[in-house]
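Lifted from TrEMBL, the feature list:
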| type | residues | note |
| --- | --- | --- |
| DOMAIN | A:49-115 | domain 'P-type ATPase N-terminal' |
| TRANSMEM | A:91-109 | transmembrane segment |
| TRANSMEM | A:115-132 | transmembrane segment |
| TRANSMEM | A:311-334 | transmembrane segment |
| TRANSMEM | A:381-400 | transmembrane segment |
| DOMAIN | A:928-1178 | domain 'P-type ATPase C-terminal' |
| TRANSMEM | A:960-980 | transmembrane segment |
| TRANSMEM | A:992-1012 | transmembrane segment |
| TRANSMEM | A:1042-1063 | transmembrane segment |
| TRANSMEM | A:1083-1100 | transmembrane segment |
| TRANSMEM | A:1112-1129 | transmembrane segment |
| TRANSMEM | A:1149-1172 | transmembrane segment |
Amino acid sequence: MAAASSRKRKGKIRWSKLYSFAACFRPLTSEERPAARELIGQPGFSRVVFCNEPHLHKRKPYKYPYNYISTTKYNVLTFLPRALFEQFRRVANFYFLLAAIFSLFSLAPFSRASLIAPLVFVVGISMLKEAVEDWHRFLQDLDVNNRTVKTHISNGVFVDKLWKELRVGDVVKVNKGEYFPSDLLLLSSSYEDGVCYVETMNLDGETNLKIKRCLEASLCLNEDEEFSKFKATVHCEDPNPNLYTFVGNIEFEKESYPLSPSQLLLRDSKLRNTDYIYGVVIFSGHDTKAVRNSTRSPSKRSRIERKMDHIIYILFSMLVLVSLVSSFGSLLYLRQDMVDWWYLQLPDDNKVNDLDDSNSEKYDDRFFNPSKPVQSAGLQFIRALILYGYLIPISLYVSIEVVKVLQTMLINKDIELYDDVTCKSVQARTSNLNEELGQVEMILSDKTGTLTCNQMEFRKCSIAGLSYGGDITEVDLAASMRMNTDFEPFEFSIDETDGATRSFEPFEFSVSSFSAQNGNARLTKTEGPVIKGFNFRDDRLTNKNWIHGSNLFDITMFFRVMALCHTGIPLEDDNHKTDKLSYEAESPEEVSFLIASQEFGFQFCRRTQSLMVLKEFDPSSMKEVEREYKLLNLLEFSSSRKRMSVIVSNEDGQIFLLCKGADSIIFDRLADNGKAYEQATTMHLSSYAEDGLRTLAFAFRTIEAAEYESWNTIFTQAKATIGPEREELLEQASEMIEKDLILLGVVAVEDKLQKGVPECIDKLAQAGLKIWLLTGDKRETAINIGFACSLLRQDMKQFHLSLSRDAESNNQVKDMKEDILQQIESSYKMVCEERNKEAPFGLVIDGKALEIALRGDVKDEFLQLAVNCASVICCRVSPKQKALITRLVKQYTGKTTLAIGDGANDVGMIQEADIGVGISGMEGMQAVMAGDLSLPQFRFLERLLIVHGHWCYQRISKMVLYFVYKNVAFGLTLFYYELYTSFSGEVLYDDWYMTMFNVMLTSLPVIALGVLEQDVSSDICLQFPALYQQGPRNVHFSWSRIIGWILNGVVSSLVIFLANIYILSPTAMRENGFVADIDSLGAITYTCIIWTVNCQIALITSHFTWIQHLSIWGSILLWYIFLLVYGALPPNFSGNAFQVLVEGIGSAPLYWMITVLVVVVSLLPYFIHIVIQRSYFPMDDHIIQEMEQCYKKYDVRDNEMWVREQRNSQRSTRIGFSARVDAKILSFNQQLQQKKLSIYRSVTNSPIYRSITTSPFS
Amino acid sequence: MSLCPHMQQRLFSHQCVQACQSLPACKPVLTPGWVVEIVDRYDIDCVPESSRMDKVSYIRDDSIPKNCSRFMKVHKYMKAPIYIYYQLDNYYQNHRRYVKSRSDKQLLDGQKYHDTSSCQPVESNNNRPIVPCGLIAWSLFNDTFEFIREGAELKVNRKNIAWKSDRGHKFGKNVYPFNFQNGTLIGGGKLNPEIPLSDQEDLIVWMRTSALPSFRKLYGRIEEDLDVDDVVVVNLTNNYNTYSFGGKKKLVLSTSSWLGGKNDFLGHACVFVGCSSLTLAIIFMLLHVKYRRPYGDTSYLPWNRKSFSG
């Protein structure tokens, strides 16, 4: 059905002919062709493709891979070795592997099981996580691989085939809106001249459509049936990652034709504006350019994790140190004393045996061999290394992984981060960057698709000097609302509101009337059906009311420009419910103009090769009439011309030039009599620009037939020219006719921001984050968006870095460098001079200048300037530059960067940044696949960073520090005990106690802390974004904290150990006179450790849920239960722990008393620390916690102090919505003061006032 | 300096409550009890003057009788039961080589359990296994003590000095010493091969190895009260060799309370911790009164602090 209807439309228009400029590059490519032809068959250009004969590609040498794509890290076979390798690359894991190996040779002081079990557990969990993550990747691949495409099987029959089953040589038919399954050679399209339109956003981020064109020879292949006998052979280059080159030729019907990139349709790009195309698969699967281009995302580690490595190194050095002490001590004892200890029966050859030692020969204890003391000491050293291994938190990595997976689950399942439009939620694809989210200092953002929806809305216009559709901007509203609250009793209104215009004009305001208007504006916004692309409310224009306007001719002409000066085409609606048409055009801007003009009664309904048909509303007859305009010429838009014109003649034969373009360009070309509205329009322009709207000026002129004729010959001549000068000639020709214009007005379209973007940027700015905008778009657009999302504002000092024309034309790197350097230096000087003033700075730089600015010697200056600016906008940057900027910023500032983008052009940046975030709302998956996280919308970044990032940062840093503490506290007791056993390597605790320590008895509370800890609730986080600064300043994981915690661990271990041995030795511990033996002492000391470390975590935790309570107190209880159960086992299993609780220590009151005493004393240092800190050096979160507690009774939001502090916390921000509101309030206040003053003056100057004041009554 | 034990305990309970400000603990109801301890070091005095130059050869010479008498004066009333301990110093019963040298399975199953490799270097003699094997059993302490008060022998109860679980489950009821101390190298005491291991309580006590190089082990109980100024004559046999490594031997008579034996450290620690906690509490209280930071004072917030530089 759809195919049939589209075929009807085909042939209406030779679409490509509209683009008079499109062909201008063709001569250049044809020049290159001969060279390319010679390359075929050479090494690197040896690929042969038999079109429509995929079976020939099943055997060598033409066997190419299927179109199957795999992005997984492992497969079934490689998983085990590779994942194991990954695991043991970690220092700590490798250490434990060695320990486990030594345990096999009876070197270890522990039993084998107790060494191997935790290692297997830890590594197993990590590998399980890897496997699960890889499984998800596999599922994603599966999804892509199982898409279908219509493929030719035989006799002109096309059936659906899975992407992965596609082979080189297959002929496929791709319909509108579908992605190309692999790199295709375009054979023909639904258009007669064989062009098709391709969106390459996923490849290079450019949103404009690209034209691809098939060979003339293959034009005939435009029906399914044609392919039954189609055969051709393609010789082309080998697979390579270069997106913009393609060399090859095709042999078709015994003729050879050269191929160029314009026949190649790349995988991951999308067919647009074309109903269908036929193509043949040239490169498939991993040979495609898109896949070749994608680099495997580098594995990223967070700062905390990197710092954690240093902590591990510190602990390792501690370990080596105490091991050395032990081995030296052992050496000394062995040499000096141990030989005298007859009860050891040491093998002794040197000295005269006091006892006749007959056994010594057959039993040789290598650890205690007085004849080889050094060897023994060496063995003791190894044993000590294993023994004190508890200093290294083996379960730290695995706990962190578990915690991060759980954190990720919490983030992914956060209902506030769920987008109900796309039904997607946040997906953290790798879980190891959670805490990094809390330390971000720079956000590098893409524009299109990230901040904006790539959709234009017609918002305002100024016709003949009157502004329409201008309701009050959000900033004004917010400012007035806040002023009303701030100055409640202030009643001051100046009624100068012009009845004719409801628009907001500077100097015409009244504070009290704002609130009323505020309500109205809100009301009107929600009224009426929403038309996509048209967000315009003004009763003076809509509903054909413009016919009552004063400048009817200008208004009509304005609408005509809007309806005629474009390259769009109308689309027929399949269901003719309304008489409204929808349009397709090269840029969304044009679409919005067409929709707007349709709304105003100038419906563009048809276009043929040379005719444009409008349905106009005729004011005189009050009827719709259809008028035909002959399209004489079309002067194409280009970025250098910044304007576009059409020359049309109406039914009366009058020739008009209708022109739209950038305001500066148009204003330069106005006729003297065309400047009537220039002043008013300029004012409107600036106010539109301040609101972040994109503006275009409309102008026209009438051309005499004679003038047109003479010009047309020049123009046609220029068009016919072939060669590099063609472009210049064309430009000259258009220059001749685009002059003496008459200004009609301007339109303002809104590059529609995604929902919540300004608010989000505002919050992020308050949190102290810097936001850089990196876009491939042109400068004007970028600046508009900068204004729209409050990155820029009018009172901001802006620096524009760009190459001057001379430097650019010279093309001398040195000149350009000097030029840029000079600009940077002068700007930086200004920054330095005005730093103390309030006005922030904004930096706008374009791609070419950036290329220079990022070179070796200039980059430092540039980055210095950029870092000092409140906001930075880089426009026209290539994907590579985006990645480069990201890397340089990261290196130069050393700050954590977050890159966010949606397209494949952002992939480099996303991979380069510390955290890469892909927007998943759009269709392309590249950014998402490359990113560490994916968000459905930009606005979720706010909650993700300020709430989850903040929390995760706190959680992980607390967790790591606690881990260090608990292992130091435990591990050192082992060392102290060595001092009392003559360094013989005896362990105070039972093997299984020690194994249980990290795995069971202390792991759950710390996991609960890592998952559930919150300093303040999420609401408060969002209300006080300044709290986020804790992360970038790294207050929770500074070296002083780390050292502090290690010291705390040392103190705790000392207290625990010394208290125990002094209390329990040598006297009896129970009333029945029994003394504490090694087993009792071990169990008691161990109890103290369990209590201390678990109570310590209770002191750290500030957010207690039942889970925390359960895990902390449960862990302690678990220890007793374990001891009970383990002790109840027969002595064969329980060994030394047999009945130790029941019979040995449990019945001794001293045991329980020691526990209490030791726990109190060992926690005292930390307790004192937090008391002092809370009382005298409170941190921000402490205060806010207290504030929250204090005012819980009342409604928090109503509290005056609460609101005041909230505002204070936002004070220092320089960009964002709030900053703009602040600036606005400031200017309002100044204006109010002036008004007051002038009124006061006028009053005091008035004679009545004078007479009153001079009267004797006063 | 030394507080009387009673006072110590009183103080302890008092101070502990102070120390436990952060963690409320139950306060045990104390029954007053005196812990009296008499310590007598006899290792030097029990060697005749003539042999003091070479104590090691004296102790190794089996031909010399090792009898020795000591006098112990009771300073305070000692209520029965009075525990008799022998104390060894500088004796590394916790040495790894020593601790490992035993076979729990053999202790429970006797000769039925053949693998005695863990008992090295004392696992067999004349190719027959030793029961009990291992260094610990081999080096069994073998000094003996007799207590005489006013001419009458004090009854010493040497039953129930070992853990019940050890007697019941770790040392076999049907396991008799075998081939023990039969080698050329005799370590310590011998065992009566007629008595099963589960009843050899001296051995069981000795085999609960001590945690520290200075330790006491229970020898028995005197089940009569000793009055002030009673003089107890101890007839001991000084068999055990601590002379080769300079270890001390002490005889200790001690009563006990619910908290065990006499322990100065516990008292001192409690006093110290209590005092410091109290002092800190007072300091913080004073500071709090004087330089009070209002609860939820917003001036501490970073954006209100002037020095804040973001």
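Placement of Cβ uses the backbone N, Cα and C atoms for every residue, glycine included.
Tallying C-beta pairs under 8 angstroms between the transmembrane segment (A:992-1012) and each of A:960-980, A:1042-1063, A:1112-1129 places A:1112-1129 first. Simply put, out of A:311-334, A:1042-1063, A:1149-1172, A:1149-1172 has the most Cβ pairs sitting under 8 Å from the transmembrane segment (A:1083-1100).
Within its own chain, the transmembrane segment (A:381-400) has Cβ neighbours under 8 Å at 90, 92-93, 95-96, 99, 102-103, 107-110, 115, 118-119, 121-122, 125-126, 305, 308, 312, 315-316, 318-320, 322-324, 326-327, 367, 956, 959-960, 963-964, 966-968, 970-972, 974-975, 978, 985, 987, 994, 997-999, 1003, 1006-1007, 1010, counting only residues six or more beyond its boundaries. For the transmembrane segment (A:115-132), the neighbouring stretch richest in Cβ pairs under 8 Å, chosen from A:91-109, A:311-334, A:1042-1063, A:1149-1172, is A:91-109. Among residues of the same chain six or more beyond the transmembrane segment (A:1149-1172), those with a C-beta under 8 A of the stretch's C-beta atoms are 969, 1044, 1048, 1051-1052, 1055-1056, 1059-1060, 1063-1064, 1069-1070, 1084, 1087-1088, 1091-1092, 1095-1096, 1099. The domain 'P-type ATPase N-terminal' (A:49-115): residue composition by secondary structure is 33 helix, 3 strand, 31 coil, according to DSSP. Averaged over the domain 'P-type ATPase N-terminal' (A:49-115), the predicted model reaches a pLDDT of 80.
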